[in-house]
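Residues annotated as active site, nucleophile in TrEMBL: 168. Residues annotated as substrate binding site in TrEMBL: 196, 197, 198, 199, 219, 220, 221, 222.
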């Protein structure tokens, strides 16, 4: 292969409370470093994005896997997608319960079935058939998610306020062969209706990957993202010749003006150029390219470290 591998990850766009900042930063950095380590060993973009997302699903700081927000009934229902830019194969799951890593199940849907999206009970049966261990739903619930759910049940509460604090996770990558991939995973909206599926599981909205242009993963207000098919819109702009950054900003701007929706995106194009852009107050993100780690949370914030430095830093904590 001739490409220099690149990985970009996000830990969700929205409002990141001060006390959670360090944890979110550490979580996206760890995910990016893990994905990059695979790419450096010659691993595929699909392997790298799955690994990065799995790492964040296991981290209670994010609204995916363990740490997912609760639906109106106080349960965790999760959505995830993965896509391979080489042949446009994709796998997704929606409204899944009682498994630790929905992204793993999405990958199995992509590789072991002729379908692209399995939901709820059917996804559960498929997980069993694939030998994915079931875990008690309570294991995925953090104190914070439960507190938030309770708050939202109060008669004078405004769940919309909390929707600004979203932690969908995602990753995009290009490997040494020049193949791109994306992966996205989420617990959805706090106090959502049972069975609500947002943008994450929807191809072209929660993510899209095509070797001819690049890959993107999105985060933010799901219903708004679906209205403009945000991930595919960004790739369309890149096909028209825009850089990843301009394409991302143009699409986010359109979503804001057309439907009043806020969000964030990560992008890599087929040349290995990347962007992490958002219209919300914050989005935790990290990138590794040329053995350099870049990361940030606030608009205009960008830290750079060498991968070796970052790995030591990660072991010692931030």
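Including glycine, each Cβ sits where the backbone N, Cα and C put it.
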Inter-residue Cα distance where the pair is residue 168 (active site, nucleophile) and residue 196 (substrate binding site), in Å: 15
Spatial neighbours of residue 222 (substrate binding site) that are distant in sequence (at least 6 apart) but have CB under 8 A: 188, 189, 198, 199, 200, 205, 206
Number of other Cβ atoms within 10 Å of the Cβ of residue 196 (substrate binding site) across all protein chains: 17
Sparsest Cβ surroundings (other CB atoms within 10 Å) among the binding-site residues 198, 220: 198
Distance [Cα-Cα, Å, rounded] between residue 197 (substrate binding site) and the residue listed as 'active site, nucleophile': 13
Between residue 219 (substrate binding site) and residue 168 (active site, nucleophile), the C-alpha gap once rounded to whole angstrom: 6
Substrate site span - longest C-alpha distance across 196, 197, 198, 199, 219, 220, 221, 222, in Å: 16
Inter-residue Cα distance where the pair is residue 168 (active site, nucleophile) and residue 221 (substrate binding site), in Å: 10
Distance from residue 220 (substrate binding site) back to residue 168 (active site, nucleophile), taken between C-alpha atoms, in Å: 8
Other C-beta atoms that fall within 10 angstroms of the C-beta of residue 168 (active site, nucleophile): 32
